[in-house]
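Visitor: If you scroll down you'll find the structure; I have some questions about it.
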Amino acid sequence: MSVRYPLLNRELGILGFNERVLAQAADPQVPLLERLRFICITSSNLDEFFEVRMAGLQEQIRDNPGALTPDGMSLQHAYDLVVERAQRLVHRQYTMLHETVLPALEQEGIYFHASDTWNDEQLEWARRYFLDELLPVLTPIGLDPAHPFPRVLNKSLNFVVELEGRDAFGRQAVMGIVQAPRALPRVVRMPHALSGFEHGFVLLSSFMQYFVGELFPQLTVKSCNQFRITRNSELFVDEDEITNLRVALQGELPARHLGNAVRLEVSADTPPHIVRRLLVESELGEKDCYRVAGSVNLVRLMQIPDLVDRPDLKFTPFTASTPSAITNAPTMFDAIDNGDILLHHPYESFQPVLELLQQAARDPSVVAIKQTIYRTGTDSPLMDALMEAARNGKEVTVVVELLARFDEETNINWASQLEAVGAHVVYGVVGHKCHAKMMLIVRRVVQAGKASLRRYVHLGTGNYHPRTARLYTDFGLMTADQKICEDVHHVFQQLTGIGGELTLHELWQSPFTLHPRIIDAIRVEIDNARAGKRARVVAKMNALLEPTVIAALYEASQAGVKVDLIVRGVCALKPGVPGLSENITVRSIVGRFLEHHRIYYFHANGAEDVYLSSADWMDRNLFRRVEVAFPIRDRKLKRRVIAEGLSVCLGDNQSAWQMHSDGHYRRRRAGKTIRNAQLGLLAKFCS
């Protein structure tokens, strides 16, 4: 594949984002326990990166080794570069943990007791805990011709034990494997009286490595080292063969834990011959092995901030506000009747969205509710409201995306519960994930003595997930605008029925009109710039990868259009290249909250068209998903989106990173006045 316009590598871009996340852990202005959390978030992100992106690269190399990546590199060269950078990132992560964060935690009375630091009393407590709580659950596997190397589960914690001696059957013992069941706690609190610290903890691996001999009686343990294997977690569902998506998916889910290995993590002190054996058994090469100085899974430390009651070491809690348009109205329907309502999460509460649905479930005038679900969590008041509505006799239709990665099982469970109470459940369109965030409520109203049906809509950039609504930045729009409501109605009809392409008046919809409308809007700016008029594009999203959009932005820059991009994660566009993209800037905001809203701004001859969307500018969002972009027409709300979603990010000089033409990011440095987008919005909206 030849590359007409220069692009940056996707996998390297993802690692770059995780480097920016890890930089939060090094920032002394970030509270200490939050710095630990950022280290854990980096580990969690890397797990998914290997399960999906690196697994995909390995498959491509096996299937078509001569192919090129979209940025023009050979697959093998790209893989080698990604591995090298990933190794550096992991090394930096563990160095930061052990040399900076853990010593600082110890100074604050938060300590992890390694087995070589246990005194006699601590040792006796640890022995009792191991024998009573751990040993009954563990299953040792001795390796011999009758006990082949087990296929360990994806991301499970395992221990490889080197043994010496003969067992009760006279067999020569060489090696054993112990897998720690997921039911066992990865972190155990040591009693305060024994610890000597305000908060003392022991890792599961410390118990295992010290007492593993109890699992192999009368044998000598020469070494015991932890390891973890990451596997390909993509699910394969043959779209041409399936007759029931839910049944097909339920059959595939167990296989996720046993896919092809893509990464081996071992403790740094693991003997070389043991590492070689693990690599052979995993069918991996040396470059796929990550030797870490400490625990092989730092995600397990994510629970520590929740276990430690030290508000001074965490982000200051906040109370999200609620717009007066809602608090001053008798019901949510009255509030929306008075005008469009914009909610900016997490600064403004997600509760009004729940209240809208809960009121709809109980309102005798409501006759129908339609809802899309992508991610909503295992304990969702929103889903409870949908089930209550169905039990109350409403016509409830829910489009549940069963293929939302890593939420498949949760969504299958919700689909079953919804069907059990009489809701209509559909799974979208096979081959096109439904990623759009839409709620439609149909209500019977009486005006001037005449009854009619009135529609109410909520559209969002983020999921219907109350927990992430406090962690992610997103916009939501509540409206009774007739044209928007009609468009949303038609999209739901398309998702639940079978029909041709829609003609929508207000919404841009993928995989049909969203991509061409974006290109057309950029072209208007190009034409205006060439005519000597003011022209500008500002867009905010999670990722920018789609080549034809990037080509249009390059052309816009060359025509003199000022293009400002706020891309939190991976961006394949090269900014600031003379003659190509010198009029384009790319920023990434990384802070307390995950930047998640998608905003498209086009100057449009002064009309200032503003669209909010669930879609990033990626191939998958524009061509392989059902997405919608919706306009903000109300002038006051439009100014809010521009100010709160775009301008504050462009002015941020504390949490913003600027991309340079080589693809590397450098943190923007504050001048005399510090401007932090998220902190400014917290101060504006929250108490």
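Residue numbers in this text run from 1 along the chain shown.
Note: Cβ is positioned from N, Cα and C throughout, glycine not excepted.
In case it's useful when we look at the structure, here is the feature table from Swiss-Prot:
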- Asn45, Tyr472, Arg568, His596: ATP binding site (BINDING)
- Arg375, Arg405: Mg(2+) binding site (BINDING)
- His435: active site, phosphohistidine intermediate (ACT_SITE)
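I'd like these features described in context: how deep, what's nearby, how far apart.
Guide: Around Asn45 (ATP binding site), a 10 Å sphere centred on its CB holds 18 further CB atoms from the protein chains shown.
Arg375 (Mg(2+) binding site) has a Cβ environment of 19 other Cβ atoms inside 10 Å.
Note: His435 (active site, phosphohistidine intermediate) has non-local neighbours Tyr374, Glu401, Ser614, Ala615, Asn621, Arg625, Val626, Glu627, i.e. same-chain residues 6+ apart with C-beta under 8 A of its own C-beta.
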Visitor: Among residues Asn45, Tyr472, Arg568, His596 annotated as binding ATP, what is the maximum Cα-Cα distance? Answer in Å.
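Guide: Pairwise Cα check on Asn45, Tyr472, Arg568, His596 gives a maximum of 15 Å.
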Visitor: Who sits close to His596 (ATP binding site): which same-chain residues at least 6 apart have their Cβ under 8 Å from its Cβ?
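Guide: Correct list: Thr461, Gly462, Tyr472, Thr473, Asp474, Asn542, Arg568.
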